[in-house]
Amino acid sequence: MANKGPSYGMSREVQSKIEKKYDEELEERLVEWIIVQCGPDVGRPDRGRLGFQVWLKNGVILSKLVNSLYPDGSKPVKVPENPPSMVFKQMEQVAQFLKAAEDYGVIKTDMFQTVDLFEGKDMAAVQRTLMALGSLAVTKNDGHYRGDPNWFMKKAQEHKREFTESQLQEGKHVIGLQMGSNRGASQAGMTGYGRPRQIIS
């Protein structure tokens, strides 16, 4: 954390590649959504990766965000009156957000690790988590999402089909198109191409 030195060599290359994945246009969209979803009292961060990290680092804004997606009376994360100043309390607040986001439906592969945000290791992963959360909120369409629905992609939803017993029986008598046909093209009347191979001793 505070006493971690700069990375060199291969570690530096890896960190550089991770930092290049950060999308500044996406940052603007996420900031707009968080402000609309949570209210203007959350403030606005300085532009750029570092400003975005500092804004979200203590976990309070993230907790307010996930709470705003739930109805009153069933908020999953307790938000402290005063933002926590102790490091472990801040990390605990971020961990509570991650747990609530997972309970909301964000899959584990879309989740960032606490250190990704806290140490600024992988802010692109933080963006991915927030995008997944926004997409889920738009898809659920339960009245708690605020903002432009075009900011996030709507996830595909399951469409189960129910068949009656008679429909299932009728389906057994249908010949599928992949089973072929006894009409149409055939080799009747065709002659072989070219002459057969001549083997002379």
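Each Cβ is built from the backbone N, Cα and C atoms, and glycine gets one as well.
Values in this document were obtained by computation on a predicted structure and should not be read as measured data.
Cross-referencing S7, S181 with Swiss-Prot, the residue annotated as phosphoserine turns out to be S181. Within the set S166, S186, Swiss-Prot records phosphoserine at S166. Among R49, R183, R197, the residue that Swiss-Prot annotates as omega-N-methylarginine is R183.
Reduced to three states, the DSSP call for K172 (N6-acetyllysine) is coil. In this structure the alpha carbons, written CA, of K172 (N6-acetyllysine) and S166 (phosphoserine) are 10 Å apart. Across the repeat 'Calponin-like' (175-200), the model assigns an average pLDDT of 64. Cβ contacts within 10 Å of K172 (N6-acetyllysine), excluding its own Cβ and spanning all protein chains shown: 6. Each residue of the domain 'Calponin-homology (CH)' (24-137) gets a DSSP state, and the totals for helix, strand and coil are 76 helix, 0 strand, 38 coil.
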